[in-house]
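Here the structure comes first, spelled out in structure tokens, and everything after it is commentary.
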Amino acid sequence: MAHRCLRLWGRGGCWPRGLQQLLVPGGVGPGEQPCLRTLYRFVTTQARASRNSLLTDIIAAYQRFCSRPPKGFEKYFPNGKNGKKASEPKEVMGEKKESKPAATTRSSGGGGGGGGKRGGKKDDSHWWSRFQKGDIPWDDKDFRMFFLWTALFWGGVMFYLLLKRSGREITWKDFVNNYLSKGVVDRLEVVNKRFVRVTFTPGKTPVDGQYVWFNIGSVDTFERNLETLQQELGIEGENRVPVVYIAESDGSFLLSMLPTVLIIAFLLYTIRRGPAGIGRTGRGMGGLFSVGETTAKVLKDEIDVKFKDVAGCEEAKLEIMEFVNFLKNPKQYQDLGAKIPKGAILTGPPGTGKTLLAKATAGEANVPFITVSGSEFLEMFVGVGPARVRDLFALARKNAPCILFIDEIDAVGRKRGRGNFGGQSEQENTLNQLLVEMDGFNTTTNVVILAGTNRPDILDPALLRPGRFDRQIFIGPPDIKGRASIFKVHLRPLKLDSTLEKDKLARKLASLTPGFSGADVANVCNEAALIAARHLSDSINQKHFEQAIERVIGGLEKKTQVLQPEEKKTVAYHEAGHAVAGWYLEHADPLLKVSIIPRGKGLGYAQYLPKEQYLYTKEQLLDRMCMTLGGRVSEEIFFGRITTGAQDDLRKVTQSAYAQIVQFGMNEKVGQISFDLPRQGDMVLEKPYSEATARLIDDEVRILINDAYKRTVALLTEKKADVEKVALLLLEKEVLDKNDMVELLGPRPFAEKSTYEEFVEGTGSLDEDTSLPEGLKDWNKEREKEKEEPPGEKVAN
């Protein structure tokens, strides 16, 4: 009985059939039949259960397949509205809400039913769906691990191929003479039908331990040559060397795939880190797929600049503080029915603090601050600009209330209808989208827009109208009080000499730097620190600041530039002519220092202290022209010739003459009219006046310059001795200050102001007015309260 069961066991899946054969009459003895019947019933029951289980699996798979909607008809079964599975138990319909996530996970994982996303919209988490939407489903960490493991794999492959024992190559003749004829060959292995590896008889391996191999042209030729050779050597029967054919991987397949892998890796890296996606984290994968996304940065508590670090533009600062106060305390304005202005545009010359004021706004506002440059909207692809504008304002609405700052908005906000030559301009499309987003049907709420530009004259009028930019804030160069306040800000971190007081030093430096912008003031303070460090000084003294001012005004001092004695003498008399002419002209600027040491592009240098004023008379402009012509006149008087050194002087005189006649209406023949002079770099296609008027203007300019030149000749001819004394002392000392001029020429015959107190006399106070209106005195109070509140109360509010 046992051996029969064992035979049946060996038949595998034929147990039932074998038992049936044994149960027929005569198959087994009568005593064995009851046991076999019991075994038969057990086996058939198990087989039937196995068949039922297989049938159940097939039916379940079929139901899962049929539960999915046909391809292309997914939209007709949104969100599982095609009903539940028929095979789903009723208890699932009555499950509590807490068990729904698990049921959803099971249905989506198994692909059944219409309750999951498979019955409707495609799962957004699927990697291919994310890839099509421009979002690679691997973050930077996964990418780094992927490249690391790939590099390790290919490095291991290369290491294996380099260190793999390559054996020793021999020729057919060496194989015959040294191995086959001596009977040390056990067998020959034909590898990949390319070469033959020789396997030696045990105990007869070469001393170096390397196997030997030789190349073959073709397998048929090798077999014929081997058979012929063995016959010649008398090797017959079982003594003949067996030939084995094997296939091995020598790494050539992997090496052939390496270029493909490198190309794929490069494409993935390019897609993820394309030109439009560099530095963009968390918003798509960058590159070509996200070229329409905005490149704006959202700043939250990342700026260290505060309003206390901004000086010299108090009026503009108050305007911006009001925006911040509205976002922090809107009830103060809403109770009166006021609406927050949509935006403000900051205009003014370069370096006056427009971007710095925006940074201070970002540092003080307790709301998100979004910054973007106007040039970032325009790319080489058509339609990118409007798409980025839409994405930018969508980002702003998402973070509302917030402040949006567009720097250099003139790059995208230029007037429409210029320079397109009949073609559609991408810049115009971007501007149109910007206008719609700022004040159209899709207006923003609680989003304040700030913008900065140096050229408000070229902006489109539709961009500047109320409702888009309600306020235009002009930030001009600071006056003497503003410069003193700016100096106080930039003197804080500097290590000054113990004899210097910051307030007095700031006022003195402000009086020495008329016309300086905030950026120039910051540059002066930094240059003074660099000069002190260059001389290994322990602190910064007043002399360092004076040298820094000269460095900013005149440029780098070139002590190593060698001038010929004749050239040096010409430069000395040229600068002496400027100094003496200005000394004896009432409306000329007071002289501070004159030098014949080359600075910047010039061979000489004169520093004046111009009076800060906003209105100029005709006599004042004429005196300035005469002082500027003093160098050329001095050359002609003392040398009887003129040089090219007066080129810059003549340019300034010509500009002043044209401005008086064309812009200011200071000529009787041309009349009381004003035309705009073209800016440097502007394209002038036609003049706004006739040819006859242009000829008249040119004639009057020439007459005005000639009159100024004759007046200067008469003045310096009268003061010829003074010019010579100043020139000789310049040749001796190279640098003269105001005290030297007083010693040579006596006190200046006209009253002049030189100290800070004299300049601010009659203006009300010595310092800039930094007081706040009543409504803005507690503008930062809400933020301080939030800081004092414990975390639990803050969350509760």
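Each Cβ is built from the backbone N, Cα and C atoms, and glycine gets one as well.
Feature annotation from Swiss-Prot assigns transit peptide to 1-38; the stated evidence is similarity to another entry.
Annotation source Swiss-Prot lists topological domain 'Mitochondrial matrix' at 39-142 (among others).
Summarising the annotation, Swiss-Prot assigns region 'Disordered' to 76-126 (among others).
Look at Swiss-Prot and you will find 85-100 (among others) tagged as compositional bias 'Basic and acidic residues'.
The feature N6-succinyllysine is assigned by Swiss-Prot to K117.
The topological domain 'Mitochondrial intermembrane' annotation in Swiss-Prot covers 164-250.
What Swiss-Prot lists as topological domain 'Mitochondrial matrix' is 272-797 (among others).
Summarising the annotation, Swiss-Prot assigns Zn(2+) binding site to H574, H578, D649. Under DSSP, D649 (Zn(2+) binding site) is assigned to a helix (H, G or I) in the three-state scheme. Other Cβ atoms within 10 Å of the Cβ of D649 (Zn(2+) binding site) number 18 in total over all chains.
As annotated by Swiss-Prot, region 'Disordered' applies to 759-797 (among others).
Here Swiss-Prot flags 775-797 (among others) as compositional bias 'Basic and acidic residues'.
In the three-state DSSP classification, H578 (Zn(2+) binding site) falls within a helix.
Across the topological domain 'Mitochondrial matrix' (39-142), the prediction's mean pLDDT works out to 51. Residues H574, H578, D649 make up the record's Zn(2+) site, and a Cβ search at 8 Å around their centroid adds E575, G577, G604, A606, T628, L629, G630, G631, R632, S634, G645, A646 from the same chain.
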